[in-house]
């Protein structure tokens, strides 16, 4: 019997968090190659530390994308995030790029040839999840943890009042109380943010961020019993990769469902959409969201499994957490028929061979609005009617 009354906590980190800086750079490289050649293959890792950025990995793409281009794009990404401090400045950082050709052994298993369809780029398991806790069909704790930081970043970049005193590096954490299985209030708020004005103390920072936090959360969720922890260690001036080294792919729970659903372990950023770590996780979210949007369940978890060089998923698993109106085994069969879940099928259905990934690198890959150019296409609910009809 699932619990109905409990507390659940999720965290998010801002675009200026060291690991997110690296995710942004890796996905900027992915976008550069996909813009030049939609079938490009990439596995790109980034390390960022004091005054230094290192980009390494494997690429199969056009020579028209030069290292000089990538260095300029990297500096522009860091500038957009907002780093102009002595230990990490977009203009002065040393940028080293070490990209080489994709392994021929991997390519022969992944490439389509003759009657062989394009295979998965690796083995692995991927999960998708949806819940009717927010209009975006996301778990409430992670959705609002993201929203707090996104709103603060937007205000900082727009230099709105005292928000201009904040720095790019920040973390949030939201504890939500559930009653009868529904989110009803926030019991704890944690917000740590870099500040450029060294004279600010915790109370000063709270005065800046509190209005944005209150606006980001549903009305009535914050009350006199809510406990606030704003910059609980005091001063937070040295931030970003100058304070802690960053790496691509270290915030996989922040990127997904904040711990409310299982995770297969594969990161997203730096990978082209032939990599099922990314594309199949997007497909699983797309299916789960459409199941909930169709009214077939209040919560849905979907697992997909792949083997390198094999085009079709090895298995699909559906868990509706006791909230479903349909048989889960029957739904599994319907989902397999509703969408081609081969790597090529996913990329085609969701139009993934586009430069749409840098924007995913912060504030979550899920729960975002589908965009006109194909960004966040996996958040569409255009499959809901088909699923509902198939199970009527």
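Positions of Cβ are set from backbone N, Cα and C atoms, glycine also.
Within the same chain, residues at least six positions away from residue 244 (ATP binding site) with a Cβ under 8 Å of its Cβ are 18. In three-state terms derived from DSSP, residue 244 (ATP binding site) belongs to neither a helical nor a strand segment and is classed as coil. Sequence annotations record features per position, and here Swiss-Prot assigns ATP binding site to 17, 169, 170, 171, 235, 236, 244, 250, 251, 267, 271.
Residues within less than 8 Å, Cβ to Cβ, of residue 19 (Mg(2+) binding site) and separated from it by at least 6 positions along the same chain comprise 13, 246, 247, 248, 249, 250, 251. Swiss-Prot lists 19 with the feature Mg(2+) binding site.
Under the heading K(+) binding site, Swiss-Prot lists 45. DSSP assigns residue 45 (K(+) binding site) to a strand in the three-state reduction.
Cβ contacts within 10 Å of residue 275 (L-methionine binding site), excluding its own Cβ and spanning all protein chains shown: 24. The L-methionine binding site annotation in Swiss-Prot covers 58, 102, 244, 275 and rests on sequence analysis.
What Swiss-Prot records for 102-112 is region 'Flexible loop'.
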Q.
Please report the Cα separation of residue 102 (L-methionine binding site) and residue 170 (ATP binding site) in Å, rounded to an integer.
A. 35
**Q.** Most crowded position, judged by CB atoms within 10 A, among 45, 58 as binding-site residues
**A.** 45
**Q.** Nearest of the binding-site residues (17, 45, 170, 235) to residue 275 (L-methionine binding site), judged by Cα-Cα distance
**A.** 45
Q. Looking only at 235, 271, the binding-site residues on record, which one has the least crowded Cβ, with the fewest other Cβ atoms within 10 Å?
A. 235
Q: Sorry to bug you, but what's the C-alpha spacing from residue 235 (ATP binding site) to residue 58 (L-methionine binding site), rounded to the closest Å?
A: 40
